[in-house]
């Protein structure tokens, strides 16, 4: 068995310099996201880790797809009865991480998650493929199930039920916007001298600090 301690590589794709940074982190995130989408080395550039904590302070993470972002925040959709939603109801402070390994980059975001309005959720829900809309009705996310067959049987049942017409929006399905309080950009550097810049939200705008790697 190979030793994990022997696995290493150099980071050589480029650096990040403070004089090149925009005053608004969303501008830099938009640029990096566009580059991630245009690259041919990332299959899921919008995939992000969403970290929440439960009532006991136990953290949990899961991969969720980013569906929209702007100066107001970062949007994702989910089952409102899921573990993540239950934890957000207890503590709305969350963390997001975009691990763009192939580009030697990552973006870490902290902020508060706020529920989206039903109108905002519906606007997105109707754009989903019909099978995905049906799947939203099928899965009681994070609950225990006896076997995959139970899930597939329920899907077949709901597919028949909604075979004619539009699939209605489940009351237990919605979304959140994470309003950022900090955004950190990490760019890999040679000899582990990585570039890290932290944008911290202030009343007058954003403070930018370089962090030691």
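A Cβ is built for glycine as well, from the same backbone N, Cα and C atoms used for every other residue.
Annotation comment: Swiss-Prot describes 8, 9, 10, 11, 67, 124, 128, 132, 192, 193, 194 as substrate binding site. When Cβ atoms from all protein chains are considered, those within 10 Å of residue 67 (substrate binding site) total 13, not counting its own.
On its own chain, residue 66 (FMN binding site) has 46, 47, 48, 74, 75, 76, 96, 98 as residues at least 6 apart in sequence with a Cβ closer than 8 Å to its own Cβ. Under DSSP, residue 66 (FMN binding site) is assigned to coil, being neither helix nor strand in the three-state scheme. Look at Swiss-Prot and you will find 62-67, 77-78, 83-84, 106, 141-142, 186, 196 tagged as FMN binding site, backed by sequence analysis.
DSSP assigns residue 77 (FMN binding site) to a strand. The binding-site residues listed here are 83, 192; among them, 83 has the most other Cβ atoms within 10 Å of its own Cβ. Measuring Cα to Cα from residue 67 (substrate binding site), the binding-site residues that fall within 10 Å are 77, out of 77, 83, 106, 196.
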